[in-house]
Amino acid sequence: MGRPRRRGRDINGVLLLDKPLGLSSNDVLQKVKRLFSANRAGHTGALDPLATGMLPICLGEATKFSQFLLDSDKRYRVVARLGQRTDTSDAEGALISEREVNLTQAQIDTALESFRGESQQIPSMYSALKHQGKPLYEYARQGIEVEREARSITVYELLFIRWEGNDLELEIHCSKGTYIRTIIDDLGELLGCGAHVSYLRRLQVATYPSERMVTLEQLTAMVEAAQAEGRSPNPELDSLLLPMDSAVLNFPEVNLLPSVAAYVKQGQPVHVSGAPSEGMVRITEGKERNFIGIGTIAEDGRVAPKRLVVESVEVENLPVENKK
């Protein structure tokens, strides 16, 4: 007879993890899930093992809103190694060309300017984008080249930080779906010397503050200290979590009276005075402004629930709201 499955906690919130070097995003996710004893967990956009930095991890009901963090802007610090091009466009790949670096600051500045603003980018074959249900990197490892469509991206800011020897350090603020390694590979070809990513750190996702990041070492130390003292680590761990609606704070808020919110919790759209005329909204309830989910503005102006937080208390059946 198998060992009974251990029941996890129904803990909800967003943890800003500082992902370490060398681990995959999924490895880190599973470690955090175990440390928090969480029933459900998901990350919001993978970082390569080579990369470090901000990896928001959604626990419990917060996983329902992780897509909105996937769609948000990101900020990175990257070091490009000039003169060497690799097949993966990073330091883990095989060297495919080596060229002399004979550049001026003016040439670098001119090249960087061409990457600012809106552009079309062809994703790397060593990306997790899927083709016929399989990640592109699996085709690449088999030596198979798959045709990829160019995607619209925006580089809002591209800052020159330093240039020492063959190392060029940049800071990039970009839209969702931007591949930093592709920018560096394209930059190297534009400069005529080739380049690859030797260092990559994600500084920010959406508007989350970097000072709220915690490391796996810090989490592990909290758990071990609590266990050594015979107490639960959960209160200390839970204090690190940001609220669920932190993933959707960019949506305008619609605050409902509890009597109106009851209809929304049953999936019914409601009329709300002063609601936006279109788009997505963040729905809160009562004077405490408790977050209950997100909604959209229907064609008739009503607020229609789209994704709701599950409550432990059942909502009683209510009459259908009069549309008039």
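Glycine is treated like the rest: Cβ placed from N, Cα and C.
Cross-referencing LEU16, LEU21, LEU158, LEU200 against the substrate binding annotation in Swiss-Prot, which names HIS43, TYR76, TYR179, picks out LEU200.
Neighbours of ASP48 (active site, nucleophile), defined as other CB atoms within 10 A of its CB across all chains, total 19. The record assigns HIS43, TYR76, TYR179, LEU200 to the substrate site; their largest pairwise CA distance measures 18 Å. Under DSSP, TYR179 (substrate binding site) is assigned to coil, being neither helix nor strand in the three-state scheme.
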